[in-house]
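Here is the structure we will look at, set down as structure tokens.
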Amino acid sequence: MKNIISLVSKKKAASKNEDKNISESSRDIVNQQEVFNTEDFEEGKKDSAFELDHLEFTTNSAQLGDSDEDNENVINEMNATDDANEANSEEKSMTLKQALLKYPKAALWSILVSTTLVMEGYDTALLSALYALPVFQRKFGTLNGEGSYEITSQWQIGLNMCVLCGEMIGLQITTYMVEFMGNRYTMITALGLLTAYIFILYYCKSLAMIAVGQILSAIPWGCFQSLAVTYASEVCPLALRYYMTSYSNICWLFGQIFASGIMKNSQENLGNSDLGYKLPFALQWIWPAPLMIGIFFAPESPWWLVRKDRVAEARKSLSRILSGKGAEKDIQVDLTLKQIELTIEKERLLASKSGSFFNCFKGVNGRRTRLACLTWVAQNSSGAVLLGYSTYFFERAGMATDKAFTFSLIQYCLGLAGTLCSWVISGRVGRWTILTYGLAFQMVCLFIIGGMGFGSGSSASNGAGGLLLALSFFYNAGIGAVVYCIVAEIPSAELRTKTIVLARICYNLMAVINAILTPYMLNVSDWNWGAKTGLYWGGFTAVTLAWVIIDLPETTGRTFSEINELFNQGVPARKFASTVVDPFGKGKTQHDSLADESISQSSSIKQRELNAADKC
């Protein structure tokens with residue numbers, strides 16, 4: 001903060017003698033050029049070594065001219081760059097404690113918006129658990145070869161496909177709604193629609209009605225999937241980003257724990273009543289109304305407002321997000337706003353300000369889109385599907401129904417513990433490390449589960465169940481939590497929402513494959529693999545781990561501006577952590593840049609001479 005106050009003091013002093021300072025600054029900068037050799041400079045110009053451009057972000061320098069007005073504009077741009085650098089440095093050096101003291105409201109607003117994902121986690125776990133509920137099986141199922149009722153594989157696939165297709169429709173609609181009305185009103189609209197769609201599920205008379213209710217309810221869920229992560233990443237500083245984006249995973253787990261507890265109660269107390277499946281559907285009405293009220297009062301993302309050229313509103317939004325008061329708060333708001341403006345302006349210069357889906361696949365953005373998509377696909381290609389079918393899996397592994405529901409509840413609680421564990425270790429190791437080690441442990445668990453499928457008796461089924469609990473812990477301590485942060489950090493600011501939408505669509509496409517295959521793997525009347533399913537997913541996890549090691553960069557400790565620069569420079573994945581970048585430059589004039597270039601060339605020549613002398 002001392003740096004901020006010092007910076008503002010300097011600006012105030014400069015503003016009192018503005019015209020005089022501009023002229024003096026011009027003369028001082030020109031005088032400084034005597035430090036480097038004019039002949040080298042002229043020769044460099046001939047060789048096009050020093051190409052003079054006007055003030056652009058691609059040069060990190062500005063050209064001083066003969067006009068005082070032009071020089072004033074140049075120096076204003078230099079000051080803006082200094083402001084952005086100051087904000088970037090402040091964000092990087094901020095500790096978790098400092099971030100919580102300075103941005104407590106940002107954290108709370110982020111938590112509120114992400115809580116919408118509780119409903120999706122709840123319904124995802126609910127639908128899978130209903131397949132194992134006796135009253136639901138008798139009401140909507142058919143007799144199998146063993147003389148018991150079950151929901152056929154075809155209907156399980158169909159219902160799951162309805163959810164995934166609805167989510168993909170919702171994701172596509174979300175991108176256009178956000179462009180038109182912003183994050184807040186898009187989420188409020190989605191919550192209102194969800195409230196109406198729940199009626200279809202509550203009054204369902206057939207699996208076809210459930211299918212209609214699921215596909216319609218999934219449209220708002222698609223909105224929540226993309227906007228919760230986007231909002232959290234844009235309102236919170238670097239020190240809070242991992243915690244607030246991975247909180248999305250905690251919301252999923254809260255929903256799944258809630259669903260498991262309700263389904264356990266239904267199995268024990270409402271096993272022969274239609275309320276056994278109606279009550280779980282009805283409880284979804286708890287969430288929308290309070291969330292709609294809370295989100296209405298939430299500030300809009302300042303990044304979205306700047307992208308829409310609504311800078312004054314972005315300033316107000318930042319003022320609501322930041323704590324403090326008086327001049328100190330105003331200074332911090334100005335610096336942060338300038339950082340956002342310059343980051344977005346630089347992206348627009350590089351991408352010709354085109355924000356279409358096609359731009360997500362062009363040039364540097366193509367790499368960023370690929371990484372975001374494959375990172376989210378990795379959640380579905382590493383055996384996580386078994387966690388969604390845990391109750392059904394436990395039954396097919398030989399457990400009694402009541403014990404299977406108990407194990408599922410324990411599984412989700414362990415998943416919550418795993419996510420909290422990832423919060424602890426994220427302060428010590430990077431995102432990439434958390435992801436790779438998490439996948440490695442998952443792979444081991446899955447292969448052992450698959451091996452136990454060749455055994456028989458209660459010991460084998462209990463062992464497989466215990467390892468599925470361990471799988472839940474490692475999944476949520478690793479890829480389950482960290483993916484939300486990585487997917488939010490990888491895209492550019494201009495294309496963040498669209499890239500996250502594309503990534504989530506890819507996630508859902510992989511989930512479609514899982515939804516088709518998994519019921520066949522587990523159902524007695526089909527492939528009946530049981531615990532052997534672990535071998536299949538262990539192999540997929542190994543492939544996923546290999547891709548992460550080779551292609552996924554480390555973004556820990558990087559601001560959005562620095563991540564942009566790393567991608568623009570084409571830095572290889574394994575060099576992201578060690579590469580030093582200067583996203584905004586240092587507010588230099590072109591003369592400063594030429595001097596630096598000359599000094600750099602001179603140093604390079606001297607180094608070559610020393611190397612030649614050493615060889616001799």
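Every residue gets a Cβ built from N, Cα and C, even glycine.
Relative to the membrane, Ser148 and Tyr242 are listed by Swiss-Prot as lying on separate sides.
Considering Asn79, Asn523, the record held by Swiss-Prot lists Asn523, annotated as N-linked glycosylation site. Under 8 Å from some Cβ of the transmembrane segment (405-425) lie the Cβ atoms of residues 125, 129, 132, 242-243, 246, 249-250, 253-254, 256-257, 260-261, 263-264, 267, 387, 390-391, 394, 399, 434, 465, 468-470, 472-478, 480-482, all in the same chain and six or more residues away from its ends. Contact between the transmembrane segment (371-391) and the transmembrane segment (151-171) is absent: fewer than three CB pairs lie under 8 Å, with pairs separated by 6 or more positions in sequence. Note on the topological domain 'Cytoplasmic' (172-186): its mean pLDDT in the predicted model is 94.
Its Cβ placed at the centre, Asn523 (N-linked glycosylation site) has 20 other Cβ atoms within 10 Å. Here the transmembrane segment (243-263) lies next to the transmembrane segment (467-487) in space: the count of CB pairs under 8 Å, restricted to residues six or more apart, reaches at least 3. At the 8 Å Cβ cutoff, the transmembrane segment (151-171) and the transmembrane segment (500-520) share at least 3 close pairs (sequence separation 6 or more) and count as touching.
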